[in-house]
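Data block below; observations after.
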């Protein structure tokens, strides 16, 4: 039973989502509807993108706490390039390239210079955030063109063009990780680094790719942010890194690497966003968001630790010789 829970964390996250829907529907009978699902999905798009990127990094037994700053910096570059007269496709391309470069720098520092990921990304968190503020002089970027805002305008089934593209991206990432050798290399790298190297996996390249894709996802999150609200505040992306990590852990991505699925991380992101909508429904202040995200992260980590210890204890008892078991009983 315990192994079933450990190996099917996506189902656990889905049950949590349905239970929360049920609870909030008791408070407001109109809450449980297709319109609510699409609204929560729209609000969750930024966190989902960050969770996809964080999944790859965490699968390789690393962590990136700079994604919020990368998303903010990329949103600023997006806004500045549009206001400078560049068209939307060119601005998006520049933004994605910047995100990839920022992620590549993180990956290179971790793999080539052997600096721990948490230390590296704490440093680049401040670096990218400071660069963002230097570029904007601490001011907001406004007057973004309508063509950018149309990317987040509801289209078919009340889902925006970005929403449909995101669903295609989710399916593609899930297929790559589950069905391809390239995707399984991320699991192998995080599960047993030395063993993966002996099997011929280019673990350094895999880790750099994970960080680079994470940067691209953060850049996409920055584009979505700018598209949804139509301007770019000077604190864009602040605090998103913790929520992305919490979403992944909630969805079954292990901080020890090599375990979890991108679908689980996305369900975790949806659940955290759903909590936000619940706070609005209950008319609670917005600053409860970070408290709840931190609480959920700690609770899931404690649960994971206790679950892992229980499974290891059961396995040890099963593998214990009969004579040893009898000796324990006699004592």
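Glycine residues also receive a Cβ, built from the backbone N, Cα and C atoms like all the rest.
Sequence annotations record features per position, and here Swiss-Prot assigns transmembrane segment to 14-34 (among others) based on sequence analysis.
Residues or ranges marked as transmembrane segment in Swiss-Prot: 39-59 (among others). Among residues of the same chain six or more beyond the transmembrane segment (39-59), those with a C-beta under 8 A of the stretch's C-beta atoms are 67-68, 71, 103, 117, 152, 159-160, 162-163, 166, 169-170, 173, 177, 186-187, 189-190, 209-211, 213-218, 220-221, 224-225, 228, 240-241, 243-245, 247-248, 251, 253-255, 257-262, 265-266, 268-270, 272-274, 276-277.
The transmembrane segment annotation in Swiss-Prot covers 70-90 (among others). Tertiary proximity for the transmembrane segment (70-90) is limited to same-chain residues at least six positions away from its ends with a CB under 8 Å from its CB atoms, namely 46, 50, 96, 98-99, 102-103, 128-129, 131-132, 135-136, 141, 143-145, 147-148, 215, 218-219, 221-223, 225-226, 231-232, 235-238, 240.
Sequence annotations record features per position, and here Swiss-Prot assigns transmembrane segment to 93-113 (among others).
Annotated transmembrane segment per Swiss-Prot: 115-135 (among others), in sequence order, evidence recorded as sequence analysis.
A Cβ distance under 8 Å defines the sequence-distant neighbours of the transmembrane segment (157-177), meaning residues of its chain 6+ beyond its ends; these are 34-35, 38, 41-42, 45, 48-49, 52, 55, 59, 150-151, 183-184, 186-187, 224, 227, 261-263, 266. Swiss-Prot lists 157-177 (among others) with the feature transmembrane segment.
Positions annotated as transmembrane segment by Swiss-Prot: 206-226 (among others). Only residues 6 or more beyond the boundaries of the transmembrane segment (206-226), in the same chain, are considered here, and those with a CB under 8 A from a CB of the stretch are 45-47, 49-50, 52-54, 56-57, 59-60, 62, 64, 67-68, 70-76, 78-79, 92, 95-96, 98-104, 106-108, 110-111, 144, 148, 151-152, 162, 185-186, 189, 232, 236-237, 240.
Per Swiss-Prot, transmembrane segment is recorded for 252-272 (among others).
The transmembrane segment annotation in Swiss-Prot covers 284-304 (among others).
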